[in-house]
Amino acid sequence: VGFKAGVKDYKLTYYTPDYDTKDTDILAAFRVTPQPGVPPEEAGAAVAAESSTGTWTTVWTDGLTSLDRYKGRCYHIEPVAGEENQFIAYVAYPLDLFEEGSVTNMFTSIVGNVFGFKALRALRLEDLRIPPAYLKTFQGPPHGIQVERDKLNKYGRPLLGCTIKPKLGLSAKNYGRAVYECLRGGLDFTKDDENVNSQPFMRWRDRFLFCAEALYKAQAETGEIKGHYLNATAGTCEDMMKRAVFARELGVPIVMHDYLTGGFTANTTLAHYCRDNGLLLHIHRAMHAVIDRQKNHGMHFRVLAKALRMSGGDHIHAGTVVGKLEGERDITLGFVDLLRDDLIEKDRSRGIYFTQDWVSLPGVLPVASGGIHVWHMPALTEIFGDDSVLQFGGGTLGHPWGNAPGAVANRVALEACVQARNEGRDLAREGNEIIREASKWSPELAAACEIWKEIKFEFEAMDTL
């Protein structure tokens, strides 16, 4: 046929509505808002082209490869209900386009270049279907839910955590003291805040030492296994690994990483080290809202959550649901299930666009954290179930009597809710009553109930379908 130079419509090559997707394809659902006058097929094809083999003009070197084998294909387009100029474009990518075991490469391909594309007003990646063939090239979470429970010897209830506040400004010794008080009071974990790295007022090594001392002391006194998420996030991968190695030498059970600001390459490196050395890995999602908060541009958090399960982490922050809207509850539980379960069926009412089979990748514990306190405990226990971590920062340290009583109040509230649930009571309906009953024999809980009885965070949810 010979080479024909010039610009031709993307849809002639990249829009293939009769394509049958393969079991090995990576499938993506994009919410596309084209510029006025750009037809949906062209916009969808442009996304497929620019995120795979295409460029703005035909090139001579196209003839040196098999485009049919390597090109992304826009295979289906559907309008978004209630939106005038918006639709979901489904794109299939051949597996050969991606490096094995690299979340970094997967994202660079699928979302690396196409979001600045002029023909689109906005673009959002709503969901990905990762085929088992690709998942098998990833290690995934270092340990997973069952192994974590066995390491900690804690079963049949959610785990309790607390972020140490004020997050910045404490000396290492005072920080360790707060850790000890919380763990001694009954929490399972305490946590470095995401931006606690190694600052002038508290260098990382001092913090690690005092926190390790605190958790061993609390362990000896309570007879329970305790942990503190030591944040290993650093300016270079080498420094990050140095911190993880020191944590292992101290014999602590868990370290932490900010996976979006730290980057997927660093995160996967750390996850591999954690599995090889028996460390649990707690993941904080700092910066996620920059990417996922806008409804029509960016990436939904469920995609970032899937990427984390591939890259590796044993816990990840996943919102709280409580005090927000019902619609948001279904969507949050959608990606919570994506983190925990082995197989998740397609369910558009929960924002899940594809059936996802995780084959052998362990599950991740969702962490509920942010503005929660003892009155939320029944709802949190009901919504998240046993396989979760409930984290109360201010809800522990803000107790009028101090840190340890704050921890006691949370532990009593949790045990009361779990017992009530196991006895068949309805936490959604009887939650307040259950907390009131428990507070009669726990002065710490009674004081917490009194101080937070009026607090509400009532804003409309951003994350709706």
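Placement of Cβ uses the backbone N, Cα and C atoms for every residue, glycine included.
According to Swiss-Prot, the protein carries these features:
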ACT_SITE  LYS165  active site, proton acceptor
ACT_SITE  HIS284  active site, proton acceptor
BINDING   ASN113, THR163, LYS167, ARG285, HIS317, SER369  substrate binding site
BINDING   LYS191, ASP193, GLU194  Mg(2+) binding site
MOD_RES   LYS4  N6,N6,N6-trimethyllysine
MOD_RES   LYS191  N6-carboxylysine
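Where Swiss-Prot records a feature, it is marked here on the structure.
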{"residue": "THR163", "record": "substrate binding site", "DSSP class": "strand"}
{"residue": "LYS191", "record": "Mg(2+) binding site", "DSSP class": "strand"}
{"residue": "HIS284", "record": "active site, proton acceptor", "DSSP class": "strand"}
{"residue": "HIS317", "record": "substrate binding site", "DSSP class": "strand"}
{"residue": "SER369", "record": "substrate binding site", "DSSP class": "strand"}
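Within 10 Å of its Cβ, the residue among the recorded positions LYS167, HIS284 with the fewest other Cβ atoms is LYS167. The recorded positions in question are LYS165, HIS317, and the one with the fewest Cβ neighbours inside 10 Å is LYS165. Among the recorded positions LYS4, LYS191, ARG285, the residue whose Cβ has the fewest other Cβ atoms within 10 Å is LYS4.
For HIS284 (active site, proton acceptor) paired with HIS317 (substrate binding site), the C-alpha to C-alpha distance reads 6 Å. Using ARG285 (substrate binding site) as the reference Cα, a 10 A cut-off selects GLU194 from the recorded positions LYS4, LYS165, LYS191, ASP193, GLU194. Separation of the C-alpha atoms of the residue listed as 'N6,N6,N6-trimethyllysine' and ASN113 (substrate binding site): 26 Å, rounded to the nearest whole number. What surrounds the Mg(2+) site, by Cβ distance within 8 Å of the Cβ centroid and not counting LYS191, ASP193, GLU194, is the set THR163, ILE164, LYS167, ASP192, ASN195, VAL196, TYR229, ASN231, MET256, HIS284 from the same chain.
Summarising the environment of SER369 (substrate binding site), the number of other Cβ atoms within 10 Å of its Cβ, over all protein chains shown, is 21. Compared over the binding-site residues ASN113, THR163, the count of CB atoms lying within 10 A of a residue's CB peaks at THR163. In terms of Cα distance, the recorded positions that sit within 10 Å of GLU194 (Mg(2+) binding site) are LYS167, chosen from ASN113, LYS165, LYS167, HIS317, SER369. When the alpha carbons of ASP193 (Mg(2+) binding site) and ASN113 (substrate binding site) are compared, the span between them is 32 angstrom. Taking every pair among ASN113, THR163, LYS167, ARG285, HIS317, SER369, the residues recorded as binding substrate, the greatest CA to CA distance is 37 Å. Spacing of ASN113 (substrate binding site) relative to LYS191 (Mg(2+) binding site) is 36 Å (Cα to Cα, whole number). For the pair formed by LYS165 (active site, proton acceptor) and LYS191 (Mg(2+) binding site), distance between Cα atoms is given as 9 Å, rounded to the nearest Å.
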